[in-house]
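**Student:** Okay, here's the structure, questions in a sec.
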Ligand code: HEM
Ligand SMILES: [Cu+2]
Ligand SMILES: [Cu+2]
């Protein structure tokens with residue numbers, strides 16, 4: 001560039017400053033991402049129990065939904081304050097519902113669907129699990145507050161999807 | 001340092017460009033017509049969340065909320081974006097290289113997508129396929145839906161052939177030179193899409209097309225979902241990258257400046273090509289059957305996509321600052337206010353970029369799965385993607401149309417003022433709407449729910465906690481109706497009623513402060529095919545551990561038509 005006009009001088013200065021800032025910016029970006037990545041992995045090592053896990057695949061989509069545990073609709077006691085609940089999503093309701101849970105209990109939900117895909121979301125908690133026919137998924141949660149929770153279907157499942165609302169009632173611990 | 005600029009280009013004698021301009025116009029009109037229908041329905045959905053149920057009055061046209069929502073999602077997310085992109089990413093490289101694109105190839109893309117779109121419209125408007133834009137089996141729509149979707153997808157992959165042919169011809173005539181920037185960005189985008197579309201194409205062609213015809217009786221829902229998200233994640237970059245093309249290659253010049261770094265633009269596109277592909281499984285963090293370790297790795301890797309985004313924020317922020325200072329802006333924010341805000345194309349794109357900053361921040365929430373458990377499939381998610389694809393991308397395409405229609409047709413913009421009004425209304429409407437959607441999502445209001453069909457007491461019982469944010473959603477929607485109406489008066493008004501321009505409008509190809517010559521980085525990034533091959537291998541490595549267990553334990557689910 002032989003003809004140095006004020007404009008090219010402006011460009012030149014701007015460019016030099018920019019190069020410096022760019023290096024700093026990229027350094028910070030990469031450092032930030034490394035931190036976030038480590039943080040994500042650390043969460044899993046700790047496993048908050050919020051992670052949806054698989055508990056079985058079946059050839060026929062109805063095998064789990066028709067099994068005795070899912071059909072009985074009963075809360076199964078598995079420890080001093082631990083329970084298992086077997087929940088099926090159907091067009092367009094959750095069964096069993098309402099589910100009574102003692103306050104302070106840790107409940108492991110086993111969830112499946114008897115027809116199309118549903119979404120098992122318990123409003124106000126971290127419970128969020130896809131209900132897939134022929135697959136059983138599982139997630140656990142500890143209910144510390146005595147209150148009523150809504151089970152909301154959050155995966156579109158047809159014309160009455162919006163009315164597929166169930167209930168979990170956390171019964172106050174006797175004092 | 002500076003390269004040939006657009007201003008001299010229309011005078012090139014060899015090519016008349018009339019046929020290319022005509023086809024480009026058709027792509028633009030096709031895409032924006034789809035958006036017009038989709039955007040007309042959008043506010044009805046927003047009102048639904050505010051407990052206003054307009055659907056009983058729409059019976060002859062729309063049988064249900066879900067029929068409308070299927071149309072909204074399919075037309076906006078697929079038809080609109082695919083048409084605009086398949087036009088731009090062939091036309092712009094051809095003009096940059098001064099080479100005629102292979103017209104039969106480009107027409108093939110248009111033809112396949114048009115037939116696909118018509119089949120989809122038929123299948124959606126007769127309510128046979130209200131399966132939403134994700135069409136998760138075992139919901140089962142009509143064969144017109146799946147075959148239409150197949151043709152639309154295949155049609156959107158065809159432009160790659162046209163761009164690669166242009167690039168090869170140009171390289172033959174210019175041995176040893178680097179691919180010019182717009183062509184580079186277009187090729188990277190379409191190569192990414194080649195890999196990305198394989199998932200949905202496989203789902204459609206192997207699973208759903210034969211199933212919809214009755215050739216197979218059953219379908220495996222979780223394999224379908226996984227193949228869908230193979231495509232469904234990178235598709236967001238297929239929406240975004242064409243907007244980036246405009247931000248990198250045109251906006252700096254439109255704003256009165258230059259792009260500060262050409263190699264950084266290339267790096268961004270190469271990184272997007274690589275990082276967007278392997279991480280689609282983060283849409284299945286709540287699905288059973290995928291090992292938590294795989295989910296964690298994928299969730300972690302997802303964050304890598306922030307790197308090209310942050311490079312973009314820096315490079316484009318700086319380019320705008322350069323433009324603002326050249327225009328006399330001083331101080332910390334003076335450069336920003338000194339931008340040509342009266343130019344609707346610039347205003348649209350700068351507002352789009354600002355909106356995108358919030359979109360990116362929200363994206364980091366969605367990507368981290370502890371937080372995602374709270375927002376997954378709540379209104380937070382559509383809140384998020386209406387400021388990304390629904391605003392950052394859509395408003396960029398709108399802004400682009402403000403110079404492109406005059407460029408293509410020789411007609412002036414119908415009304416600059418109305419164009420500006422439409423942009424500001426869109427920006428404001430989406431901000432209010434999206435604030436409400438994000439906020440309501442935190443209360444667990446599910447997305448895709450015809451909540452206004454519930455009895456009012458039930459609505460209040462379950463969603464009353466989110467009543468105020470849900471009202472914001474409705475208000476935002478109504479503002480967006482105004483924005484949409486204003487925009488389409490300008491769009492069609494310019495096409496059919498704009499005054500004849502005296503002087504031709506040129507494509508605003510930008511100049512660079514730092515060009516690619518001599519950059520080692522740009523030299524390495526020139527190897528697009530090897531980068532694509534590598535990305536494919538990494539993607540397989542990420543997906544095989546997810547897919548293999550699914551194939552070992554298949555479920556044979558029958559279809560359901562339940563709407
Ligand atoms: C006129 C402005 C718009 C309004 C008021 C609007 C409103 C909405 C609302 C309320 C939803 C959520 C529906 C639900 O989850 O039940 C939605 C979904 C959606 N919108 Fe929009 N939208 C607009 C424009 C756009 C644009 C420009 C795009 C993309 C280019 C877009 C793409 C989508 C998609 C892909 C969905 C998801 C559909 C689904 O969940 O199946 N929208 N829209
Ligand atoms: Cu549902
Ligand atoms: Cu994604």
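Just so it is clear, glycine is given a Cβ too, placed from its N, Cα and C backbone atoms.
TrEMBL labels come from automatic prediction, so no person has curated them.
Pulled these from TrEMBL:
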DOMAIN    B:11-495  domain 'Cytochrome oxidase subunit I profile'
TRANSMEM  B:26-49  transmembrane segment
TRANSMEM  B:69-92  transmembrane segment
TRANSMEM  B:104-124  transmembrane segment
TRANSMEM  B:144-163  transmembrane segment
TRANSMEM  B:184-207  transmembrane segment
TRANSMEM  B:227-251  transmembrane segment
TRANSMEM  B:263-281  transmembrane segment
TRANSMEM  B:293-320  transmembrane segment
TRANSMEM  B:346-365  transmembrane segment
TRANSMEM  B:385-406  transmembrane segment
TRANSMEM  B:418-440  transmembrane segment
TRANSMEM  B:527-551  transmembrane segment
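Any idea what these are sitting next to in the structure?
**Tutor:** Long-range neighbours of the transmembrane segment (B:26-49) within the same chain, counting only residues 6 or more positions beyond its ends whose Cβ lies under 8 Å from a Cβ of the stretch, are 55, 58, 62, 65, 68-69, 71-73, 75-76, 79-84, 86-88, 91, 110, 113-114, 117, 379, 394, 397, 401, 404-405, 408, 433, 436-437, 440, 445, 450-452, 470, 473-474, 476-478, 480-481, 484, 488, 491, 495.
Residues of the same chain lying 6 or more positions beyond the ends of the transmembrane segment (B:69-92) and with a Cβ under 8 Å from any Cβ of it are 20, 23-24, 26-28, 30-32, 34-35, 37-39, 41-42, 45, 62, 101, 106, 109-110, 113, 117, 120, 124-125, 129-134, 149, 152, 155-156, 158-159, 162-163, 166, 182, 186, 189-190, 235, 238-239, 242, 245, 249, 389-390, 393-394, 397, 400, 448, 507.
Long-range Cβ contacts of the transmembrane segment (B:104-124) within its own chain (Cβ-Cβ under 8 Å, at least 6 residues beyond either end) map to 23, 26-27, 30, 34, 67, 70-71, 74, 79, 82-83, 86, 90, 130, 141-142, 144-145, 147-156, 158-159, 161-162, 165.
For the transmembrane segment (B:144-163), same-chain residues at least 6 beyond its ends with a Cβ under 8 Å from one of its own Cβ atoms are 74, 78-79, 82, 85-86, 89-90, 93, 101-102, 105-106, 108-120, 122-124, 128-129, 131, 135, 183, 186-187, 190-191, 193-194, 197, 200-201, 204-205, 208-209, 212.
Same-chain neighbours of the transmembrane segment (B:184-207): 85, 88-90, 92-93, 137, 146, 149-150, 153-154, 156-157, 159-160, 163-164, 167, 178, 216, 219-220, 223-224, 226-232, 234-235, 237-238, 241-242, 244-245, 248-249, 265-266, 269-270, 272-273, 276-277, 280, 525-526, 528-529, 531-532, 535-536, 539, counting only residues six or more beyond its ends whose CB sits under 8 Å from a CB of the stretch.
Long-range contacts of the transmembrane segment (B:227-251) within its own chain (CB-CB distance under 8 A, at least 6 residues past either end) are made by residues 77, 81, 84-85, 88-89, 92, 134-136, 181-182, 185-186, 188-189, 192-193, 195-203, 207, 259, 265, 268-269, 272, 276-277, 279-284, 312, 315-316, 319-320, 346, 349-350, 352-353, 385, 388-389, 392-393, 396-397, 399-400, 403, 507-510, 539, 543.
Packing against the transmembrane segment (B:293-320) from elsewhere in the chain are residues 244, 247-248, 251-252, 255, 257-261, 264-265, 267-269, 271-272, 275-276, 278-279, 281-282, 284-285, 335-336, 339, 350, 353, 357, 360, 364, 367-369, 372, 542, 545-546: each is 6 or more residues past its ends and has a CB under 8 Å from a CB in it.
Non-local neighbours of the transmembrane segment (B:346-365) in the same chain are 243, 246-247, 251, 254-255, 303, 306, 309, 313, 316, 320, 339-340, 371-372, 375, 380, 383-385, 387-388, 391-393, 395-396, 398-400, 402, 420, 423-424, 427, 430-431, 434, 438; each lies 6+ residues outside the stretch with a CB under 8 Å from one of its CB atoms.
Outside the transmembrane segment (B:527-551), and at least 6 residues removed from its termini, the chain residues within Cβ reach (under 8 Å) are 184, 187-188, 191-192, 194-195, 220, 222-223, 226, 230, 270, 273-274, 277-281, 284, 289-291, 294, 298, 301.
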**Student:** Six or more residues out from either end of the transmembrane segment (B:418-440), which same-chain residues have a Cβ under 8 Å from its Cβ atoms?
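**Tutor:** Residues packing against the transmembrane segment (B:418-440) from afar: 46, 49, 342, 344, 347-348, 351, 355, 358, 362, 378-380, 382-384, 386-387, 390-391, 394-395, 398-399, 402, 463, 466, 469-480, 482-484, 486-487, 489-490.
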**Student:** Would you mind listing the long-range same-chain contacts of the transmembrane segment (B:385-406), meaning Cβ under 8 Å and 6+ residues beyond its ends?
**Tutor:** 24-25, 28, 31-32, 35, 76-77, 80-81, 84, 88, 236, 239-240, 242-243, 246-247, 250, 254, 344-349, 351-353, 355-356, 358-359, 362-363, 412-413, 419, 422-423, 426-427, 430-431, 433-434, 437, 487, 490-491, 494-495, 498, 501, 505, 508
